[in-house]
Amino acid sequence: MADIDNKEQSELDQDLEDVEEVEEEETGEETKIKARQLTVQMMQNPQILAALQERLDGLVDTPTGYIESLPKVVKRRVNALKNLQVKCAQIEAKFYEEVHDLERKYAVLYQPLFDKRFEIINAIYEPTEEECEWKPDEEDEVSEELKEKAKIEDEKKDEEKEDPKGIPEFWLTVFKNDLLSDMVQEHDEPILKHLKDIKVKFSDAGQPMSFILEFHFEPNEYFTNEVLTKTYRMRSEPDDSDPFSFDGPEIMGCTGCQIDWKKGKNVTLKTIKKKQKHKGRGTVRTVTKTVSKTSFFNFFAPPEVPENGDLDDDXEAILAADFEIGHFLRERIIPRSVLYFTGEAIEDDDDDYDEEGEEADEEGEEEGDEENDPDYDPKKDQNPAECKQQ
């Protein structure tokens, strides 16, 4: 028994010696290593662990435990800072209201350009040679001889086939080239070939913030509407119950429109036949039932929000996606439609993701090189005294 006590005393003396060594003035790698040793020894000490656990128990379920422990006079000052933050949110809300006013102002300046785009797409206006001149990127430039040869070949091809009017299937191609392609089903495509234009209209000055998406169609065999609309209601003010969550204007709700489908042309519905067997008599009958069908045109019939504002999970997910699509159409598709028609906008988006991927790959390669290095010691990269500040 005495031998065991002597052994424990010897180990304790050794631990104390190690601690004293760490306290000596040292520099470089030895200091880091011994600091880690000291940390390990402290975490193995039952008394230290007990004190730490007691401290943590006092903070259970209280993410702001430090705040709660502050003196009352300091808490009062923190409350003053919160009131300042609310005023900041109110100023920010005014800022976004003025941004909306600027959008309305500049929409008037954009409109003549969008009108001419509409006329070119729909063969109302034929652009001049000067308007059709486009200087390609440097990497796409070719010699004048090749240009002339290509021009002659194009002219021959044009002579061989009927001259198309405007830019056929412009908006359908825009949708098929983008993430909206998931919304467009095969049975939607013949209808979207008749889509002539998409416009965005902002609410008038002094009116509640909102915008309307207008889809203009030429006469077709599917419905009688000339224009289908989707209205989005917005809010740009902090919520009184949660003012710190304000992060700019948000879409609060949306309203679609009724589509006046011609008989048998409603692509949002389908008829299914079910066979039902009578339990008692064993007879079988066929029942016809109309059910909803996946279609782009369901976009104009969003879920209705009850007066109490409660929606089931499916309806909430649909509305959240709907808001994203409405915002995307307004901010990207309508102002930059030609780039989505050609696919250049998609390439730009892909380039952004590729750059991120390349950076990640490079980081991965560097990590791999270190791990394959026989002299690499991962412990040397660890420094418990450092942490990242966000």
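Quick reminder: no glycine exception, Cβ is built from N, Cα and C everywhere.
Over in Swiss-Prot, the protein carries these features:
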type	residues	note
COMPBIAS	1-10	compositional bias 'Basic and acidic residues'
REGION	1-32	region 'Disordered'
MOD_RES	Ala2	N-acetylalanine
MOD_RES	Ser10	phosphoserine
COMPBIAS	11-28	compositional bias 'Acidic residues'
MOD_RES	Thr62	phosphothreonine
MOD_RES	Thr64	phosphothreonine
MOD_RES	Ser69	phosphoserine
MOD_RES	Lys116	N6-acetyllysine
MOTIF	125-150	motif 'NAP1L motif'
REGION	131-163	region 'Disordered'
COMPBIAS	131-143	compositional bias 'Acidic residues'
MOD_RES	Ser143	phosphoserine
COMPBIAS	144-163	compositional bias 'Basic and acidic residues'
MOTIF	272-278	motif 'Nuclear localization signal'
REGION	345-390	region 'Disordered'
COMPBIAS	345-375	compositional bias 'Acidic residues'
MOD_RES	Glu358	5-glutamyl polyglycine
MOD_RES	Glu359	5-glutamyl polyglycine
COMPBIAS	376-390	compositional bias 'Basic and acidic residues'
MOD_RES	Cys387	cysteine methyl ester
LIPID	Cys387	S-farnesyl cysteine
Cβ atoms near Lys116 (N6-acetyllysine) (within 10 Å, other residues, all chains):
14
Work out, from DSSP, the number of helix, strand and coil residues along the motif 'Nuclear localization signal' (272-278).
0 helix, 6 strand, 1 coil
Rounded to the nearest Å - Cα separation of Ser69 (phosphoserine) and the residue listed as 'N6-acetyllysine':
66
Looking only at the motif 'Nuclear localization signal' (272-278), what is the model's average confidence as pLDDT?
79
